[in-house]
Amino acid sequence: MGCCNRRCGLLAGAVFGALLAVLGGILIPAGNSIIEGTVKKEAVIENGTTAYDNWVSTGAAVYRQFWFFDVTNPVEIVENGATPVVVQRGPYTYKTRYLPKENVTFTNFTVTFLLPLGAIFEPSMSVGPEEDHITVLNLAVAGAYSLTPTTLHGVVERLIKSTNSSLFQRRSVKELLWGYYDPMLKVTTGLFSPYNGTYDGPYTVSTGEDDIANVGKILSWRGEESLTFWDDKYCNMINGTDASSFAPFVDKRKPLYFFSSDICRSVSASYEDSLDLKGIKVYRYTLQPNTLAAPNVNPDNQCYCRDPKVTKNCTMAGVLDISSCQGNKPIYISLPHFLYGSPSLRESVLGLSPSPEHHDTFMDVEPITGFTLRFAKRIQVNMMYGPSKVITVLKQVKDYTIFPIVWLNETAALDHETADMFKEELFSRVETLEVLQLSLLGIGVSIFVLCFTMYCVVRCRHSVSGTVR
C-alpha cells in the first residue's frame, strides 16, 4: 500500500510539474500578446498615452551647437585669388524645441499642429558670448551674385562699391545666425532669419489609432501632401515621420524613413549597431551612404541636382542646393564628412577636418516602442560664389566655390530620470513577465523530470521485488 501511495504521489508530482511547464509555455505567447497590446496602445498619439506626453512637448532638452568657419585671409583671397583658409570657432550653443506644439487638432485618426521655433543662448555650453565676431562670407554679396544674371553684374558691382561691401564680412555670432540689417540689400538678413517667434508647419500626421504601423507618419506639411521644391515626383515625396519616433517593434533589417524641413526633403537611415543607453537597449541608425551621393553613383538623386554648372555636371557628392525652399537664398546644405571627404574639395578651402565621429547624423531608437531616445543631426551650411569679369571682389576667383559658413549639431539625449521611468514603466513589467514565464517553465520541467524519474525507479524496484518472490 505504501509503495502504491509513493508511486501515486510521484505520478501526481510529475503531472503537476507538467502542468506548470505547460502554463509557463502558454504564458510566453500570451505574455507577448499582452506586451504587444500594451505597447501599441501607449504608442498611439492621443490624450493620456505615453506617446502623446512625449510627442506634444519634448521631454529631453534639445540643443543646437554652431561652429563657424572663421576666414583668416580675406584680403589675400579677394586681391590675389589665394586659397581660403578657415579656422573652426565654436561651439555657440542654443536651447531649442523647448516650446510645446500649438494648435493641436485631432480629426479622423490624424492630428494637425504647428511647431513653434525658438532659441535661447546657453553661455555655459559655449566658448564665448553671442557678441563674438567672426569673419565669414558676405551673405548679401554671395546672394546677389547667385541671383543676378551675368548681364546685370554691373548693377551688383555698383551696389557693392556704394555700400563699401566686400566678399567677406565681420559680424557677431548673434547677427550671423538670427539677423542683421544689411546695407546692400537694405533688409534684415541672416542664416536663420527670421527664427524666434516663427513656426514650422502646419503638419498633419497619423495618430496610429487605426493602424499602429502608421503612427507619426507625416501626411501633409504646410497643407500639401508632397513638396514643390523639386522638379520631380520622387524627390517631392514626404516619407516617414519627423524622426522623433517610429512605429513600435522596429525591424532592424528595414531602413527608417523621415522628413526634415531643415533640408527640404525626405531621407532614410539604416541600422548600424545595437548599443546600451543608460541600461536601455537601442538600435543605432545612421544616414545611408548614398543619401547625398552624386547622381552617377545614386541615380535617384538626379532630381536634387538643380545647377549642373556649380556641381560640376552633377558629379559633386555630399551637397544639396536648397535655395528653392529658402526664398531663393543660395544656400547649400551638406554633410561635412561627405562634402569635404575628397582631396579636390578639401583643397578648395583649407582648414577643414571632417570626421564621421563628429559629423555623422545618427538616431538611437528603442526597438520595442519605436521612440528615438538620443539623436545627433549634423548639417553644414554653405553658400556659393564664382568668377566674374565685372564684380571687382570676384575677379580673382577661378571657379565656383561651395564656401562653408557654419556647421550645426542638434542633439538630445535621454536623461537618467526619464531613463529610470522608462525602464520602470515598460521594461520592469516585461522582465517580470519573462521571469515568471521562465520560472514556471523551469520549475515545472524540473518537477516533472524528477517525479517521473523517481516514479520509474520505484516502479522498477517494485517489479523486481515481485519477481523475486
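Cβ from N, Cα, C; glycine included.
Feature list (source: TrEMBL):
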type	residues	note
DISULFID	CYS235-CYS303	disulfide bond
DISULFID	CYS264-CYS325	disulfide bond
DISULFID	CYS305-CYS314	disulfide bond
TRANSMEM	435-458	transmembrane segment
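Structural mapping of features recorded in TrEMBL.
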{"residue": "CYS235", "record": "disulfide bond", "Cβ contacts under 8 Å, 6 or more apart": "LEU227, PHE229, ARG265, CYS303, TYR304"}
{"residue": "CYS264", "record": "disulfide bond", "Cβ contacts under 8 Å, 6 or more apart": "LEU227, PHE229, ILE322, SER324, CYS325, GLN326"}
{"residue": "CYS305", "record": "disulfide bond", "Cβ contacts under 8 Å, 6 or more apart": "PRO295, THR311, CYS314, ASP321"}
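Other Cβ atoms within 10 Å of the Cβ of CYS303 (disulfide bond), summed over all protein chains shown, number 16.
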